[in-house]
Amino acid sequence: MLLPSESIGIEPPSTNVCRSTPMQSPSFSTRVEPPGLRNKQLADLGITEVNLGDKESADLEFNAVLIAEDKADRTVEDGADSSEIDTPIRVTSKVGADFKFSEVGTPTSNIRADSECSEVEDHGQHQHRHWDFFLSHKQSNAQDTVQNLMMILTARLPGVSFWLDIEQDPTEKGMRHGVQNSKDVLIYLTTGLVESKYCQMEMRWALEFEKNIILVMETDERHGKPSIDTLITSCPPDLKHIFAENVIIPWYRDPEFREISVEKIIRARSVKKAGPTVLAESTTKLKFMTRSKSSDSGGGDVFDWTFVYFTVLCGVALPGAGKKTKAWSMAVRIILLTCGCMCLSRVFTTEGPAFWDTGTIVQIVVAHPIIFLFLHVTLTILKSPLIADLLENRIDAPVEAKLLRLKTRIGTCVAALLTVSLSFWGWAAYLPAFFDMYYLESASQQRPATLLLFGLAHGLTWVLILPLFFGSLFASLLMMFVLQELSFMALLTSFNELSPEFTGTGITATVATNSGLNINELDLYHFQVSFIENWKIYKALQWRASIPFVVFWFLEFGLMSWSLWSLSQGFEADPSDPRVDRLRENWFLRVRLSWFLGSSLWFGAGAWIVALTPFGVSYYAWRMEMQAKQILFTHPGLRHSFLAFLAGFDLNFRVLFLHATVRLLPLYVCILIVNTVGFDADAVRIWRAV
C-alpha cells in the first residue's frame with residue numbers, strides 16, 4: 001500500500017516528452033467526478049495525495065473501488081446512512097503531472113506542473129493501438145461496475161485488453177480511435193445512458209465501423225438499473241435498432257449468476273467472430289486490374305502490370321476487366337476449339353509435305369481441348385464469389401503481398417519467354433510446310449484446288465494460334481499459381497488473430513524473433529474459427545482447379561501402354577518406317593520432330609510443367625508445418641493445442657486418384673519418365689534410319 005508521503009513519478013512510455021516550463025493548459029487534463037462512495041474507498045486505503053501518471057492513478061483508483069465495493073454494498077444492506085460515505089472525490093489527471101486526491105472544497109494546489117511534457121502528438125499516441133473491448137458506459141452510475149467487470153473478464157481471459165476512458169484519451173478523437181480499433185464494443189446499459197451525448201457518439205461509431213456490439217444491462221437498482229422500455233423510448237431513432245439486433249445480457253453481482261453473465265458475454269463475442277474474419281481498415285485489399293504501370297497506382301494492386309497484360313492478351317479476363325477484354329477472352333476460347341477442329345481435318349489430308357504422321361496430329365488435336373479446359377476452369381474460378389470474398393475480406397498480409405508482386409513478375413517473364421520461344425520454334429516447323437509450293441501451285445499442277453485453300457488456311461491459322469496455344473496454357477497455370485498463393489495468404493491472415501505482429505512484420509519475421517506470444521484461449525479460438533473458414537476456401541479452390549489436372553493425368557496413365565510398347569521395340573534404326581523418307585525429303589519435318597521432343601504437351605517439357613504443377617502445393621504444406629512449429633507461446637498448453645489443431649488440416653493437393661504429395665512424387669515422376677523415354681525411343685529409331 002502507498003503511504004501518503006510516497007511519491008511515484010511514472011510517465012507513460014508512449015508519450016513523447018521534452019523539458020518545458022510548467023504546464024498549465026487545461027487541454028491536457030481529464031477531470032472525473034466519481035460517485036460519493038469514492039471518498040470513503042480511498043480513505044480506507046489511507047490515501048490523501050499521490051504523485052502518479054495517468055495509468056497509475058487509474059490502477060490505484062481501480063484497486064480502491066474493488067476493495068471498498070463489497071463493503072459499501074454491505075453497509076447499504078445493513079441500513080447504514082449513505083450520507084456517511086457520500087462526500088465526492090475529485091480526481092485530477094495530467095500526463096506526467098502529480099495527482100492529488102482531496103475532498104471537494106479542499107485546495108488542490110499541490111498538483112505539480114513541472115512535467116517533462118509540453119507536446120502530445122495525437123497521431124503518434126494513437127498509432128498501432130488495438131483493444132479487444134471498448135467499454136461504453138455512463139460514468140455517473142456505472143464507472144465502478146465497469147471496472148469490476150473489466151477485472152473479472154481479465155481473470156477469465158488473460159491478456160485481453162480494454163479501452164476505458166480513465167485509462168485512455170477521453171477526448172472525442174481518442175474515443176473515436178478507441179472504437180475504431182477495438183474488436184468488440186461492450187455497452188453497459190444504465191439509467192440515462194442513451195441520453196448521454198458521448199455514449200450516443202460511441203454507439204454511432206460502433207455502427208459506422210461495423211463493430212461487434214455486446215449489450216450488458218445493470219440489474220441492481222442501487223447502481224442504475226434501467227427500464228428497457230425507457231431506454232428504447234429515449235434512444236435516438238437511428239440507434240433504436242441496436243436493441244432489436246443484439247441480445248441484452250443481464251449483469252448480476254451474485255457470484256453464481258455473475259459467472260453466467262460472463263459466459264454469455266464471451267459467447268456473444270465469439271458468435272460474432274465465428275463468421276468470416278472482419279478485417280480492419282489496414283487490410284491489404286488485393287486487386288487484379290490496374291490502369292497504371294506504376295507500382296503505387298492503386299495502393300492495393302499487388303499484381304505487376306506485366307502479369308495483368310500478359311494474362312489479358314492470352315485470354316484470361318481478370319476480375320474488374322472491361323467488356324472488350326471479356327469479349328477477347330471468349331474469342332480466344334472459340335479460336336482454340338476451332339483450330340482443334342481444323343487440325344483434325346489434317347488426318348484426312350495426307351497429301352503434301354505438311355503431313356508427317358497421324359500420331360503427332362492426334363497429339364495436337366487432343367491438346368486443344370485440354371488447354372481450353374485449363375482456360376475455362378481458370379475463368380470460371382475467377383468469376384466465382386469465392387475469389388471476391390477472398391480478395392475483399394480474407395487477406396491481410398502486406399508482407400506476403402509484396403512478395404507475391406515479385407513472384408508474379410518473375411513468373412510472367414518466364415511464361416512470356418516460353419511462349420515466344422516455343423511459338424517461333426513451332427512456326428519454323430509448320431509454316432514452311434503449309435506455304436510450300438506444293439499447295440500454292442496446286443491449280444497449275446492439276447491438283448485439287450482445295451489444297452491451296454488447305455495450305456493458306458492452316459498456315460495463317462498457325463501464325464495466330466501458336467502464341468495463343470502456349471500463352472493460354474502458361475497464363476492459366478500462372479493464374480492457378482496466383483490463386484494458390486492467395487488462398488495460402490488467407491490462411492496466414494488467420495494468424496493475425498493470435499498477434500498483431502503477424503500483420504505488420506509477417507509470420508516469417510515474427511517467428512525469427514524467437515519471442516513467445518502472450519495469447520489466451522479466446523485468441524486461439526478466434527484463430528481456429530478463422531483458419532477453418534479460410535481452409536475451406538483453400539480446399540474448394542483446389543477442387544475446382546483440379547479438373548484439368550485430373551483429366552491430364554488420366555490421359556498420361558493411358559499413354560503408358562503405348563510408351564511401354566515403344567520401349568519394347570528398342571532404340572535400333574527402323575528403315576521400314578514410312579516417316580523416314582519424309583524426313584529425308586523435308587528439313588522442316590526434322591525441325592517438327594525436335595519441336596515435339598522438346599515441347600510436347602504429352603511427352604516433352606509441356607507434360608512435365610503441367611504434370612508437376614499440383615505438387616507445388618506441397619511447398620505450402622511444408623512451410624505451414626515448419627513455421628507453426630517455430631511459433632513460441634508463453635503458455636505451453638496453448639502451444640500444444642495450437643499444433644494439434646493444425647495437424648488435423650491437410651494442405652496437400654488430394655483430389656480423387658491424384659494425390660500430389662512428396663511421398664507419391666517418385667511414382668508420378670516414374671510415369672512421366674516412361675512416357676517421355678517411350679516417345680524418345682520412337683524418335684531415336686527414326687533418326688538413326690535417316
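Note that Cβ sites are derived from N, Cα and C of the backbone, with glycine treated the same way.
According to TrEMBL, the protein has these features:
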REGION    1-34  region 'Disordered'
COMPBIAS  13-30  compositional bias 'Polar residues'
DOMAIN    133-220  domain 'TIR'
TRANSMEM  302-318  transmembrane segment
TRANSMEM  330-349  transmembrane segment
TRANSMEM  361-382  transmembrane segment
TRANSMEM  410-430  transmembrane segment
TRANSMEM  450-483  transmembrane segment
TRANSMEM  545-565  transmembrane segment
TRANSMEM  601-622  transmembrane segment
TRANSMEM  666-687  transmembrane segment
>> Restricting to CB pairs under 8 Å, which listed stretch, 302-318, 361-382, 601-622, is in contact most with the transmembrane segment (450-483)?
In response: 302-318
>> Can you break down the domain 'TIR' (133-220) into helix, strand and coil residue counts using DSSP?
In response: 39 helix, 21 strand, 28 coil
> Where does the mean pLDDT land for the domain 'TIR' (133-220)?
Replying inline: 91
> Going along the chain, which residues at least six beyond the ends of the transmembrane segment (666-687) come within the CB cut-off of under 8 Å?
Replying inline: 553, 556-557, 559-560, 562-567, 569-574, 577, 579-580, 583, 593, 596-597, 600, 602-604, 607-608, 611-612, 615, 660
> Looking at the transmembrane segment (601-622) and the transmembrane segment (330-349), are there 3+ C-beta pairs under 8 A, with each pair at least 6 apart in sequence?
Replying inline: no
> Of the stretches 302-318, 361-382, 545-565, which racks up the most C-beta pairs under 8 Å with the transmembrane segment (410-430)?
Replying inline: 302-318
